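Everything on this sheet refers to the single structure shown next.
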Amino acid sequence: MRGLATTLLIGAAAAATYPAQQVLKAPEEVLEKTHKTSSSSLAETLARPLHELNEELKSLTAEAEEVWEQVSNMFPGALDNIPFFSSPKKHTRRPDSHWDHIVRGADVQNIWVENENGEKEREVGGRLETFDLRVKAVDPSSLGIDPDVKQYSGYLDDNENDKHLFYWFFESRNDPKNDPVVLWLNGGPGCSSLTGLFFELGPSSIGKNIKPIYNPYSWNSNASVIFLDQPVNVGFSYSGNSVSETSAAAKDVYALLTLFFKQFPEYATQDFHIAGESYAGHYIPSFASEILSHKKRNINLKSVLIGNGLTDGFTQYEYYRPMACGDGGYPAVLDESACRSMDNALGRCQSMIQSCYDSESAWTCVPASIYCNNALLGPYQRTGQNVYDIRKPCEGSSLCYADLEYISTYLNQAEVLKAVGAEVDSFDSCNFDINRNFLFKGDWMKPFHKLVPGILEEIPVLIYAGDADFICNWLGNKAWSDALEWSGHEEYAATELEDLEIVDNEHKGKKIGQVKSSGNLTFMRLFGGGHMVPYDQPEASLEFFNRWIGGEWTK
């Protein structure tokens, strides 16, 4: 059981983040590495010795209480010393004169219009008065990234809560006056969307020589794309506080988009989509629900795309054993003994996840995350195989991909920081403090799939998955989308997978995956793609993306 406590201490949720392959560290190392001060009430609560948490523990199931007790007994002083909120990133705020535009949320909030009944109402809904949006035109030639494309970067500021979210916008290479706009979100929680920009689907990658390399398969080939670093203290974003649950970030994203489209009304009437991967399986249902809840909005949300996401842990965790043991289309990674162990652990894991679903309390959701990650992810992780690509060992750094180190080196150059207006002193691909915070808030195992039926009543949803990923594998993603209860469930469940082929270039007819679609729900399996489909299969990625935003499965 020592592995359980170690997983707790470094952030058990890191097992299913993008990217974090670390498994074992000495407790003393971890405590020293993560020790920071915090006055947060949650930190104070969780730092209390477990024997003092009598009222909280009364509500636990026996399984959840056992997990907490095991951790307490093995490391009796540990929870007194581990903080649960990250310290602010070092930063220097640039003067207002540095920015080309500043959009004041209070000004937008005070715009009133007359409705069809002759009554006065606000032009857009939501609480915006504490937010500002700072905008800087990026000189493409200064960075060598898509030099013929308009780019903007800046910050959304929540002045009341000292939160500052960084974004970087790239206009479409094709027809920016008519092409849709897409918000891209990486997961983690705690990983920068600039990783998606330079590692997966943006206009350039970064080579070994720390120079940009043109990407012909960029998603801004036929769409304008916003890459957002969220939650705060991720990438170039920063705050004096911290965010530790998905719902808290949803209102920030709504404010960002509202003010962005107010500053750039030329994009506001175009179709808008939200796309992301991994922990974005939590983010996207929450963010889309927040946007759709505002009937008066300037965000023309048309669909959402979730790639290799974690959305329904109860269903998805069942498919770690099949994927690791040879039933997912690739050779087995684990031996029969390890596979039997995972089979034996599944019942307890799902029982604990169900308790989390029923209460949505940290006191049941945290133990579910700890136990299930240790029992069902741990055996695979300990083999050293890449959790994001079952075909490969984890090589290079703890992130498994050397290219990520090139990206960090590039983004930490003074000329790059200046060109995009970054206000933090340094860039990191992932902030593991944030990852731990979300775990201990109970966010990891919460049932975000319950938001999807409401979204499906209004807009289409695409669930896509590279079939070589282990951590958020295609078996689990297909299973939860098949099981989802919504108004079109019966028709969707009866729909069979069909071949997905390239349709209109020199590779016409090439099979790139499988697809099933009915009503507003579509699932895709992408052959040969790992956790980051655009990285492994760039041509196939752009193919399905262009056809999706073009309306092939959304009409």
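For all residues, glycine too, the Cβ spot is worked out from N, Cα and C.
Of the listed residues Cys339, Cys349, Cys339 is the one Swiss-Prot pairs with Cys325, by disulfide bond. When Swiss-Prot is consulted, the disulfide partner of Cys356, picked from Cys349, Cys365, turns out to be Cys365.
The disulfide entry in Swiss-Prot for Cys191 points, among Cys400, Cys430, to Cys430. In Swiss-Prot, Cys372 is paired through a disulphide bond with Cys349, chosen from Cys349, Cys394.
In sequence order, Cys356, Ser359, Gly442, Asp443, Trp444, Met445, Lys446 make up the list of same-chain residues 6 or more apart from Cys365 (disulfide bond) whose Cβ falls under 8 Å from its Cβ. Here the CA atom of Cys325 (disulfide bond) lies 29 Å from the CA atom of Cys191 (disulfide bond). Counted within 10 Å of its Cβ, the other Cβ atoms near Cys356 (disulfide bond) come to 27, all protein chains included. Comparing CA positions across the disulfide-bonded residues Cys325, Cys339, Cys349, Cys400, the one lying closest to His531 (active site) turns out to be Cys400. Taking the Cα atom of each, Ser278 (active site) and Asp469 (active site) are about 11 angstrom apart. In the three-state DSSP scheme, Cys394 (disulfide bond) falls into the coil class.
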